[in-house]
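Trainee: My questions all concern the structure below.
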Amino acid sequence: MTGAKPQSQSHEPHESQKTQSPYAQLFRIPGTKAFCVSGAIARLPMSMMGLGIVLALNHMYDNWTIAGVMSAAYVLATAAVTPLYARLFDRFGQRKVGPVILTVQIIVMLGFAFAALMRVPIPLLFVLAVVMGMTQFSFGALVRTRWAYVLDRADKEDLLNTAYALESAIDEIVFIFGPILAAFLAASVHPVSQLFVPTLACAFGGAVFFALRDTQPPVLREITVVAADTDDADVRLAAGGAAVSADRFDLDRLKTGDRDRRKRNVLTYAGVLPLLAVFIVFNMAFTAFDTSMTAVMKSLHLDSVLGVQLAMLAVGSCMGALVFGSRELKGSRWRHMIMFLALMTVGFVVIHLCQGNLIVMGLVEILTGLTISPVFASGNLLVKETVPEESLTEGLSWVSTAGTMGASFGSMITGIVLDHFDPGVGLSLPAVFVGCSIPFALIGWLLVRRRG
């Protein structure tokens, strides 16, 4: 009897854990709620600054091209430096690097917002936009790196798919409220107010995030193995000459292999470059959609519902992330990505065809959005499976950088199109961009399969 009690007590938590949703299991791990929430708040500029620049500049100068090109300049500057910051985070750790870069970032963002408020000359504003972009780093990559570390420490790596899907859902929640908030502030408060709010959110969320020490991944150091000297007297006594030669060969090979691995660039791993090409091209669709939808709503004199219309796509993506994260799809992640990209292309085509009916278009946007987060989550998981752990932040940042570059190209191209054609033409661009990303995904899949 006494032996039966402990058995039933140990069995009870196991059963309750089994019935818990994977998301509940994630947040049972100490510290995960804090870094997840603070990281989400710090990411608000991701959804507000690009559109905020477009709204502010278009209101001030009534020119889509200037607005789009300046937004693109900011985003391209961000894309150029994000991998460099990621290497610093991987090498020195989040706590040492983060607070310094965050402080500079907030100062420059406030400087740009005040310069726009004071209507400084456009060339100066361009310079400030580029400088502001050069202070940005990927909070999403830092959060995902923490998830990988915390889940590995808790021996729950099987929840990584859920964690990355959750982060994709959070990205979409940020994209739901960001455009709504930016459009509302620009229309109802002040044309430049949408530049100040994300700055404050980044300052608060970033400060809290970097203050959380318990969940910060350690800096991984590589150890170089030095081969034993064959002339060493102790070595001669411990083994015969043949054994010493064999040991020296094995140690030399290990040392050389370690040196080669340390020198290897993240971009040289199989499938990484095609994956980045996918993210560049298909991310062009989202800024094209935001900018074109803004022009469509403006032409219909429905500026007040712009934020809601923009949010429909993100609502669907958030729903898709939650569903994707609660299930483990079988087969190659490349195949999943290609399937979701194809469905997304069809969705954007239908959105363009039914742009005259806002209700139907909104419903189609939600359905199309279901395919977005699974693409992002699959891409991040492919990086996690491909690059070594000590380069994970850099690998994830390259994905973020590719998306940022795509967003800038999409904004720039769409701005030029809208200045020469009607808004309906601009709304056809998202389908074109997503469709063009599919061949790159196919190339990546073939490369990975060929290299085993």
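A Cβ is built for glycine as well, from the same backbone N, Cα and C atoms used for every other residue.
Sharing the record's features from TrEMBL:
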| type | residues | note |
| --- | --- | --- |
| COMPBIAS | 1-10 | compositional bias 'Polar residues' |
| DOMAIN | 263-452 | domain 'Major facilitator superfamily (MFS) profile' |
| REGION | 1-22 | region 'Disordered' |
| TRANSMEM | 34-58 | transmembrane segment |
| TRANSMEM | 64-85 | transmembrane segment |
| TRANSMEM | 97-118 | transmembrane segment |
| TRANSMEM | 124-143 | transmembrane segment |
| TRANSMEM | 164-189 | transmembrane segment |
| TRANSMEM | 195-212 | transmembrane segment |
| TRANSMEM | 266-286 | transmembrane segment |
| TRANSMEM | 306-325 | transmembrane segment |
| TRANSMEM | 337-353 | transmembrane segment |
| TRANSMEM | 359-383 | transmembrane segment |
| TRANSMEM | 395-418 | transmembrane segment |
| TRANSMEM | 424-448 | transmembrane segment |
Trainee: Any residues 6+ beyond the ends of the transmembrane segment (359-383) with a Cβ under 8 Å from its own?
Mentor: 144, 160-161, 164-165, 167-169, 171-172, 271-272, 275, 278-279, 282, 308-309, 312-321, 323-325, 333-334, 336-337, 340-341, 343-344, 347-348, 350-351, 392, 395-396, 398-399
Trainee: Quickly jot the same-chain residues contacting the transmembrane segment (164-189) by Cβ under 8 Å, restricted to those at least six beyond its ends, or write none.
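Mentor: Same-chain residues near the transmembrane segment (164-189) but 6 or more away: 23, 26, 36, 39-40, 43-44, 46-48, 51-52, 55-56, 59, 140, 143-144, 147, 197-198, 290, 294, 303-304, 306-308, 310-311, 314-315, 317-318, 321-322, 324-326, 369, 372-374, 376-377, 380-381, 384.
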Trainee: Which residues of the same chain, at least 6 past either end of the transmembrane segment (395-418), have a Cβ under 8 Å from a Cβ in it?
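Mentor: Contacts of the transmembrane segment (395-418) (Cβ under 8 Å, skipping residues fewer than 6 from its ends): 50, 54, 64-65, 67-69, 71-76, 78-79, 82-83, 85-86, 137-138, 140-141, 144-145, 266-267, 272, 275-288, 291-292, 295, 379-380, 383-384, 386-387, 425-426, 429, 433.
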Trainee: Hey, which of 97-118, 266-286, 306-325, 337-353 has the most Cβ-Cβ pairs under 8 Å against the transmembrane segment (195-212)?
Mentor: 97-118
